[in-house]
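Reading through the structure tokens given below for one structure.
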């Protein structure tokens, strides 16, 4: 306990005039009032720093241009996302008398079409914290699994528990279609009615609430202190394949359209039938109306074609083949994939139904032995991968 003669080294108040005096090294002291002021200054500084970072948000065209560098195809989805993200952060920064709702996003598209990569790249462009959650692991209270608040734990962890930064982060929830409740319209859903409970629990944090977040995760550490996190300005992007949704849309179009088959054929020619999705279709699929209402921006991603996959292998800044070329260049060896090799890799990804996600696994399998041998190779100038996905070694000319 501080003695009566002690004074604060910052404000010079006596220990008699403040609730608490904290003794430091070399006779230095600080009173509890100065500690509170210091904490307020730190919070204000953090707010200003985060606001500065977000204030430099690029315009929609600039966002799409950067997305184009990393993601092949999906032009319409990239436009929709660029506008939604720009409006979301503009809404945070520029206070208005008009109540502008949050532009949470729903991405619908097959496995490997780029949903996760789009969300991750957006967070990178905007320099905001980012977290990914898998909806299939989430359960409502009373069931075995993760609490929905664990989604927020990951976001806090990814920004070193800086609450101000976390408040303006992006959370991507994958496989959101798997928590749809069972319905007669969508018999493919196997999850029981607890899926609706998870939707209700997620609804609160998605629409904006002061959430009590267990910093070490919920159920394994029941006695920890909670962190309060306001989710009002966190952007939520939900994604899923929604297998069976196409049939629901077809049924709706069939009921409302004369010449049903002609109308369906027209949509098939123009593109993805899923692009005709409406909120009622998602409700019939098994999402509750309130949940659908909190995801006002819906974007549909197309299945990637063989040509798209070939471009993904070679064109983006972080293309997997570019990465291997650079690794072999460091060994003084060139690397070339023939057009036939690229096409065979793309065909295999389509056959596996893994889309862009499966390309890396296929290329890594081809390259494993090459990367094992490369550091020991002598006089090899170039390695060419042909349509049989086998390496051909080109040696340096003697002399």
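Each residue, glycine too, has its Cβ placed from N, Cα and C.
Going by Swiss-Prot, these are the annotated features:
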DOMAIN    1-50  domain 'ClpX-type ZB'
BINDING   8, 11, 31, 34  Zn(2+) binding site
BINDING   110, 111, 112, 113, 114, 115, 116, 117  ATP binding site
- Message: I'd like the per-state residue tally for the domain 'ClpX-type ZB' (1-50) from DSSP, helix first, then strand, then coil.
- Response: 22 helix, 8 strand, 20 coil
- Over all shown protein chains, what is the count of other CB atoms within 10 A of the CB belonging to residue 113 (ATP binding site)? 25
- Note on the structure: Its Cβ having more other Cβ atoms within 10 Å than any other among the binding-site residues 8, 110, 114, 115, 117, the winner is 114
- Apart from the site residues 110, 111, 112, 113, 114, 115, 116, 117, the 8 Å Cβ neighbourhood of the ATP centroid comprises 109, 239, 301, 355, 356, 357
- Task: Take the C-alpha atoms of residue 113 (ATP binding site) and residue 31 (Zn(2+) binding site) and report the distance between them in angstrom, rounded.
- Result: 58
- Message: For the domain 'ClpX-type ZB' (1-50), report the average pLDDT of the model, please.
- Response: 82
- Item | Rounded distance in angstrom between the Cα atoms of residue 31 (Zn(2+) binding site) and residue 115 (ATP binding site) | 52
- Query: For residue 8 (Zn(2+) binding site), which of the binding-site residues 110, 111, 112, 115, 117 has the nearest Cα in space?
  - Reply: 117
- Message: What does the structure give for the C-alpha distance between residue 111 (ATP binding site) and residue 34 (Zn(2+) binding site)? Integer Å is fine.
- Response: 55
- Determine the most Cβ-crowded residue among the binding-site residues 11, 31, 34, using a 10 Å radius around each Cβ and all protein chains in the structure. 31
- Item | Cβ-centroid neighbours of Zn(2+) site 8, 11, 31, 34, 8 Å, sequence order | 9, 10, 12, 13, 18, 21, 29, 30, 32, 33, 35
- Sequence-ordered list of residues in the chain of residue 112 (ATP binding site) that lie 6 or more positions away and have a Cβ within less than 8 Å of its Cβ, or none, is 304, 349, 353, 354, 355, 356, 357, 358
